[in-house]
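Please read the structure below before turning to the comments.
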Amino acid sequence: MALSMTNQIGSLAGAAAAMDSSFNTGDSPAALVLKSSAMSMKCKAVKTDGVEGLSPPSSPCRSDLSAACKAFATEVAEEKEYDLGGKKGEGSGVPVFVMMPLDSVSAGNTVNRRKAMNAAMAALKSAGVEGVMMDVWWGLVEREKPGEYNWGGYVELMEMAKKHGLKVQVVMSFHQCGGNVGDSCNIPLPKWVVEEINNDPDLAYTDQWGRRNYEYVSLGCDTLPVLKGRTPVQCYADFMRAFRDTFKDLLGDTIVEIQVGMGPAGELRYPSYPEQNGTWKFPGIGAFQCFDKYMLKSLKAAAEAEGKPEWGSTGPTDAGSYNNWPEDTQFFRKEGGGWDGPYGEFFLTWYSQMLLDHGDRILTSAKSIFDNTGVKISVKIAGIHWHYGSRSHAPELTAGYYNTRFRDGYLPIAQMLARHGAIFNFTCIEMRDHEQPQNALCAPEKLVKQVALATQKAQVALAGENALPRYDEYAHEQIIRASELNVDGESGDREMCAFTYLRMNPHLFEADNWRKFVAFVKKMKEGKRANKCWEEMEREAEHFVHVTQPLVQEAAVLMH
C-alpha cells in the first residue's frame with residue numbers, strides 16, 4: 001500500500017530516531033531513469049503495513065505539515081501521466097529518480113542500514129521524487145555457485161520501495177564494484193567467474209602491456225562456453241530470467257525499468273580508463289583493451305577479410321599510454337595521426353563494432369526475457385567529454401566510441417538501441433564546458449548536444465544523470481536546461497524521459513542541500529511547458545521545505 005503524504009512526512013520523524021548512524025556516501029556514475037505514472041496521493045491517515053521504523057508524526061508543526069501535504073499532494077495528483085517511452089506526455093515534465101548507495105545490500109545478502117533506508121525513502125517521496133535506482137550485483141546474488149541465486153536483501157528493498165509508493169529502476173550489474181570514479185565499496189565478480197579468469201587470464205580485458213582488468217568479462221568471449229560450460233551472454237540471460245521470475249509480481253508496477261549492465265561501471269564501453277591502482281588519471285586518453293587472445297583472434301579474422309592480414313596481429317602500439325594526451329602520440333595526433341588513415345579506420349571500425357555487437361547480443365536476450373512484463377529496457381553510455389575538442393577524440397576512441405571531428409560515433413549506438421526499443425541513458429548532464437579544464441579541450445555541453453541530436457535522429461528516448469555529486473543550484477539549472485533538449489529548432493515538446501540524481505547520502509539531507517533539491521525536483525516535474533515562473537515554484541518549494549526541515553535535519557544528523 002502506498003503511504004499517504006502525511007504518513008510519509010511523519011514517518012521520517014519516527015524512523016529517524018532509530019536510524020543506523022552509518023550511511024554510505026560514495027558515488028559512482030552508474031544509473032539511468034525512466035518516466036512512469038505519477039502517483040496520486042491523498043492526505044488522510046492510512047495504515048503503513050508495518051514498514052519498519054514508521055510511526056505517526058509527533059512534531060509541534062503537525063498542522064502546518066498537514067496543510068503543506070494537502071497543497072503539495074493536490075499538485076502532484078494533477079500532474080499529467082508519464083509514459084515510460086518518453087512519447088506520451090511530452091512537454092509535461094521530467095520525473096526524477098535518486099540512486100541508492102552502492103552497498104544497499106550487504107555481503108551477507110541483507111539490507112544495509114535498514115532504518116536509514118526507510119527514513120530516506122520517506123523523505124524522497126515527500127519531495128515528489130518518482131523513484132529510486134538500485135544496483136543488483138551479479139557478484140552478490142550468484143556469488144557462490146553458477147545457477148544459485150540469493151536475492152536476499154533485494155526482496156526487502158523492493159517491498160520497502162513499494163510501500164513508500166516509489167518506482168524502482170534496477171541495474172543488472174554484471175561488473176565489479178571498485179576501481180571506478182566514486183566506487184565506495186568492493187564487490188568483485190562471482191567467485192566462480194574469478195576462478196575461471198584466474199585459470200584463463202585472457203577472459204579479462206587486456207591492454208598492450210599485458211595488464212588484465214577484472215571489472216567485466218571480455219566481450220571477446222561473449223559466445224564461447226568459458227564460464228563453467230556457459231557463455232557469458234548465457235550467464236547474463238539466466239541471471240535476468242531468474243530476476244524476472246523472482247520479482248514477477250512487481251514488474252511493470254513497482255519495478256518499471258531494467259538497465260542492462262554491459263561493461264565497467266555498468267556502461268557500454270571498454271575499461272579504457274581504470275582508476276584502480278592509479279593506472280589512469282583524468283584527463284588521460286586511456287588505452288585500447290583488445291589484447292586478450294579472444295579479441296586478437298577476432299581482429300585477425302577481420303584483417304584477413306579486409307585483405308590486409310598484416311593488420312591483424314595486434315592493436316595499435318603507437319597510441320601512447322593511459323595518461324598521455326593526444327598530441328603525445330603518433331596514433332592520435334591531429335596532423336598525420338594513424339586514427340585518420342586506412343589502418344586507423346579499419347581498426348576503429350572493428351573495435352567499435354565489437355562493442356555494438358556485444359550490446360546487440362545482450363539486448364536481444366533482455367528484450368525476450370522481459371517482453372510483456374511492462375518494464376522498459378535501458379543502456380548506459382559514458383559521458384567522455386575530455387579532449388572532445390581535439391580532432392581524434394582519443395578518450396572516446398579507446399573506450400569504443402568511434403566519434404571524431406569527422407564522424408558521429410553516437411548515432412550508431414542510438415540506432416542499435418532503437419532497434420530494441422531501449423532507452424539511451426547518458427551522463428555528465430550537470431557539467432558546463434567552462435567548469436572543466438580547457439587545456440584538455442573538455443566540452444560536456446557540446447557532447448550532450450551531439451548525443452541529443454543522435455537520439456532524436458534515431459528516434460530513441462534519452463534519459464540522463466549527473467556524473468559527479470552536485471548540490472548547488474548552478475548545477476541544477478544546467479540539468480534543467482539540458483533536460484529540455486532544446487538543441488535545434490525541431491525539438492518541440494521533446495524532453496528527457498527521466499533524470500537520475502546521484503546519490504542518496506547524508507549530504508543530500510543537509511538543510512541547505514535539501515531545500516535546493518526539493519526546488520529542483522519541482523522544476524524538473526513542471527517541464528519546459530511550465531505555466532509557473534521559477535520564482536513562484538521556488539516559493540512553493542520553500543514553504544514545503546520550511547515545515548519539513550526539522551524532520552529532514554534530524555535525518556541528516558542521524559545518517560552521518
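From the backbone N, Cα and C atoms, a Cβ is placed for every residue, glycine too.
Going by TrEMBL, these are the annotated features:
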- Glu267: active site, proton donor (ACT_SITE)
- Glu465: active site, proton acceptor (ACT_SITE)
- Asp135, His175, Asp183, Lys380, His385, Thr427, Asn466, Ala467, Arg503: substrate binding site (BINDING)
Open item on the list: Between the Cα atoms of Glu267 (active site, proton donor) and Arg503 (substrate binding site), what distance do you get, rounded to the nearest Å?
Closed with: 17
TODO: Compute the C-alpha separation of Glu465 (active site, proton acceptor) from Arg503 (substrate binding site), stating it in Å without decimals.
DONE: 10
Task: Other C-beta atoms that fall within 10 angstroms of the C-beta of Arg503 (substrate binding site) - done: 26
TODO: For Glu267 (active site, proton donor), just count the other CB atoms lying within 10 A of its CB, please.
DONE: 25
- [ ] Output, ordered by sequence, the same-chain residues six or more apart from His385 (substrate binding site) with a CB under 8 Å from its CB, or 'none'.
- [x] Cys428, Met431, Gln436, Cys442, Ala443, Pro444, Leu447
